[in-house]
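Features as listed in TrEMBL:
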- Arg25, His126, Thr344: substrate binding site (BINDING)
- Gly101, Tyr102, Ser172, His200, Thr227: pyridoxal 5'-phosphate binding site (BINDING)
- 34-371: domain 'Aminotransferase class I/classII large' (DOMAIN)
- Lys230: N6-(pyridoxal phosphate)lysine (MOD_RES)
Amino acid sequence: MPVSEAWQQRLTDARTDRQQAHRWRTRQVVKSNTLDFAGNDYLGLAQDPRVCEAQAEGARRYGAGAGASHLVSGHLEVHDALEDALAQWTGRERALLFSTGYMANLGVLQSLADRHTAIFQDRLNHASLIDGATLSGARLRRYHHRNSNDLARLLERSERQHKLVVSDGVFSMDGDVAEIATLAHVSQRHNAWLMIDDAHGVGVLGENGSGCAGGVTSQDVPILVGTLGKALGTAGAFVAGDAELIDHLIQFSRSYVYTTAQPPAIAAATLKALEIVQGEPEHRAQLNANIAYFRRAALPLGLPLSDSATPIQPLLLDSETRVMTWAARLAQQSIYVGAIRPPTVPNGEARLRITLSAKHSHSDIDRLLEGLNSCQREEAACHVTA
Ligand SMILES: *Cc1c(COP(=O)(O)O)cnc(C)c1O
């Protein structure tokens, strides 16, 4: 078989497999008049005119791009100022900017772990954490979701000298929160370091919005990852920790060293977003009020709510067909929710991933609930006629 035919066959096989599993994914161009219950812009900062203006002003002052990597000539004063602000916010000595959360996780794990290391991860951790562990060559063990006994059991059995425990802070598809204090305790008892990826917690949880590990010392959580593309409304990520950790990352994280620095205008916008998060707690209060409103109103409808107190409110519909049908029906009403299927979640756990924002009004949430209720009624009607 000629080379190109072999490749064509490979792509066709992959496509056929996925299509037969009804898991072929498509993108939709999102129009501006839709009601978005799928995104991660929890505080509405991506649309905040002050953040947008800071970005425009940042571009005028520093240019449209950084022009080089941080270690060459791309590290500008605005990046430095943002790192200082992030370190202070999270109560850490230093912080280091990465271009995305995916790259931050790859860079941390690849630079800290090697084949002599054992990495222990919650089963529901984000894909970037799993990929980072694979890239590092470390031995990867996965413990049952939020189960510190299972974690302790695996740690006990490990003879590796360096052990690293890794968990999402807020779990991205379930909305539940890791028990940081317990994880810290178990990790310390087994001489392991703890890394928390709080992509969905920063900006949302904690007294000053610094997430589920921001108020915890670097003794308990030595490695804290946060992303800027969710509640902060911009793009990029950071790692916060002691100076020695940050120096190590600057030297050895390949996804930090070998990439162009974040556009300085994004850093300028993020500084403004951070100022708003710290100075205007009312947005977090509004978000929490919206979460409570949604849950209170959803309860009498008998929707399969999960036990989540965060803006991530999954509806476990189990069947992938149901998830796709409900999402399509909502989309017809210009309401967007996440239709999440394996392999993003385990088999049999397909769900609608509903996310709430401080910017939703009660009538927006009413419209969503009315839409969800109509999906239920439609299903019931089908069962009667069938
Ligand atoms: C979104 C997400 C990431 C990736 O962050 P990006 O900046 O979008 O690349 C990493 N970890 C978790 C838990 C996430 O939810």
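For all residues, glycine too, the Cβ spot is worked out from N, Cα and C.
Predicted automatically and left uncurated, TrEMBL annotations should be read as such.
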(request) Sorry to bug you, but what's the C-alpha spacing from Thr344 (substrate binding site) to Lys230 (N6-(pyridoxal phosphate)lysine), rounded to the closest Å? (result) 18
(request) Go through Ser172, Thr227, Thr344, the listed binding-site residues, and name the one with the sparsest Cβ surroundings, counting other Cβ atoms within 10 Å. (result) Thr344
(request) Kindly assign Thr227 (pyridoxal 5'-phosphate binding site) to one of the three DSSP-derived states: helix, strand or coil. (result) strand
(request) Enumerate in sequence order the binding-site residues Arg25, Thr227, Thr344 whose Cβ-atom distance to ligand 1 is under 6 angstroms. (result) Thr227
(message) Other residues near the pyridoxal 5'-phosphate site, CB within 8 A of the CB centroid of Gly101, Tyr102, Ser172, His200, Thr227?
(response) His126, Ser128, Asp197, Ala199, Gly229, Lys230, Ala237
(request) Indicate the candidate from Arg25, His126, His200, Lys230 with the smallest number of other Cβ atoms within 10 Å of its Cβ, considering only these recorded positions. (result) Arg25
(request) Pick the one among the binding-site residues Gly101, Tyr102 whose Cβ has the fewest other Cβ atoms within 10 Å in this structure. (result) Tyr102
(message) In whole Å, how far does the CA atom of Thr227 (pyridoxal 5'-phosphate binding site) lie from that of Thr344 (substrate binding site)?
(response) 19
